[in-house]
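Annotated in Swiss-Prot:
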- Cys441: active site, nucleophile (ACT_SITE)
- Cys115, Cys121, Cys124, Cys202: [4Fe-4S] cluster binding site (BINDING)
- Gln310, Phe339, Asn344, Glu360, Asp387, Asp409: S-adenosyl-L-methionine binding site (BINDING)
- 20-40: compositional bias 'Basic and acidic residues' (COMPBIAS)
- 43-102: domain 'TRAM' (DOMAIN)
- 1-48: region 'Disordered' (REGION)
Amino acid sequence: MAYKKPGFLGKKPVPHGKGAGRDPYVRDDSPRLTAPRREQPQPLQRNKRLGELLIDRFSHDGRGLASLDGKTLFVDGAIAGETVTARLLEDHPRFAEARVEDVILASPDRVEPPCAHYATCGGCQLQHLKPEAQLLMKQQVVLEQVHRWGGLTPKRVLPPLRSESLGYRSRARLGVWYEADSSVTLGFRQQQRKTLTNIESCSVLLPALNRLIGPLRQWLQARVANKAVTHIELVAAQSGPAVIVRHTKPLVALQRQALAELAQRESCQVWLEPNGNQGLTDLEGSPVDPHLVLDVAGLPLHFHPQDFTQVNPAVNGRMVQQALELLAPGTNDLVLDFFCGMGNFTLPMASRVARVIGLEVVEPMVTRAQANATRLGLDNLEFLKADLSQMDSPRLRQLCSQASAILLDPPRDGAKELVTQLRDLRRKGQLSAQRIVYVSCNPATLARDAALLAEAGYGLDALGVMDMFPHTSHVESMALFLYKQ
């Protein structure tokens, strides 16, 4: 649009007399002297078919990245180096999202997805990519994040920890939806949608859980008129599979009887979870507090079916072993395990050190961890409930001044408050740890916290990925920081 000099009405009147110096009154309907208007790009039409796209690289979440009209385009199902066409999903002010429609020039890393539901199910994002290429992509994501946001490069890159890419997952939560034709949908959310994908099986579930999907669907279908069940959770343990049925209305006697028969026929345990977070009950509605058994580094740990546990037992065992090797504790050392949960690292560590303290904000997990320690006869460890965003407790400060090593295993938000306080303690000479192992489930928060540790004088010695969730975009990693003398 050409810029035109404004007419007389667009000029400000010259102030005179008593009102001079004040902002003059300008009629609201008069033209104003403004900068030339920029033509705003029109938003792209949703579901529009886009032309050929060259996928430049991977994004942090495993999508392909391309350029479209000056915007960054995130393309689901695309691989770096490919030429594809795609359908637009969403157009945002600074970026757009699309999904592959046709692959014109395929990457040698592209494979046929092993799951029949992959095209619609949102549970997995990377089944079109070779497992080896998935690992490489995840490793690059972590290295790029810590370099870009933390300004750090590890001295050495650890070999990736991995398991079988299929049949590894020990826990899943399935949604239930009742269709207008009286059929039942049982499955996971669809990609980019809130609706469910009806699945016959799940290729990443452990076989003991996978075989329960069909019988559970039949049970739901036989009593569809009740429409009481909203979710079904599957959990695997050493003692066998377990099922948790969440319901919003009481189950009728016939439903409960059929569920009891299913449990006996399929050799699984079944509990109910009434609506309202009231805990678990048995099939008769009586409250129960069950436990299952999980093997961690050779130790049988008891856990509640709803406790947080790592979903990949094989990688979890290797992760614990690697953490202990990186910490390299001596038999006379004190080690602190922050965000210890039910003692996934703390309990296996007890046999290697003089003393280990697990710190956790969730009180039921502290209780569970201490009960496991007592049952296993481990008396050189202690579990404490603590607000890990505050280090003003004299006991915590004393422990920090005595510990020779620290392990951090925070949630996705990372440990900014805790690491900031550890940095400040180190600057005051009140933190003695020479080695810090950081277990991360979010490369971005790892990078941020790594920069804080660097400010405290800790160098990034080693970094590696752990493929806890093959075929998904989730990235787990482990880093070793050493204090620079």
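Quick reminder: no glycine exception, Cβ is built from N, Cα and C everywhere.
A map of Swiss-Prot features onto the structure.
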| residue | record | Cβ within 10 Å |
| --- | --- | --- |
| Cys115 | [4Fe-4S] cluster binding site | 17 |
| Cys124 | [4Fe-4S] cluster binding site | 22 |
| Cys202 | [4Fe-4S] cluster binding site | 23 |
| Gln310 | S-adenosyl-L-methionine binding site | 20 |
| Phe339 | S-adenosyl-L-methionine binding site | 21 |
| Asn344 | S-adenosyl-L-methionine binding site | 28 |
| Glu360 | S-adenosyl-L-methionine binding site | 25 |
| Asp387 | S-adenosyl-L-methionine binding site | 13 |
| Asp409 | S-adenosyl-L-methionine binding site | 22 |
| Cys441 | active site, nucleophile | 19 |
Other C-beta atoms that fall within 10 angstroms of the C-beta of Cys121 ([4Fe-4S] cluster binding site): 21
Residue among recorded positions Asn344, Asp409, Cys441 with Cα closest to the Cα of Cys121 ([4Fe-4S] cluster binding site): Cys441
Sorted by sequence, non-Cys115, Cys121, Cys124, Cys202 residues with Cβ within 8 Å of centre, [4Fe-4S] cluster: His117, Tyr118, Gly123, Gln127, Phe188, Ile199, Ser203, Val204, His471
Integer Å distance between the CA atoms belonging to Cys441 (active site, nucleophile) and Asp387 (S-adenosyl-L-methionine binding site): 21
Reported mean pLDDT - the domain 'TRAM' (43-102): 91
Asp409 (S-adenosyl-L-methionine binding site) to Cys115 ([4Fe-4S] cluster binding site) - Cα separation in whole Å: 32
DSSP-derived structure type at Glu360 (S-adenosyl-L-methionine binding site), helix or strand or else coil: strand
Alpha-carbon spacing, Phe339 (S-adenosyl-L-methionine binding site) to Cys441 (active site, nucleophile), which is rounded to whole Å: 13
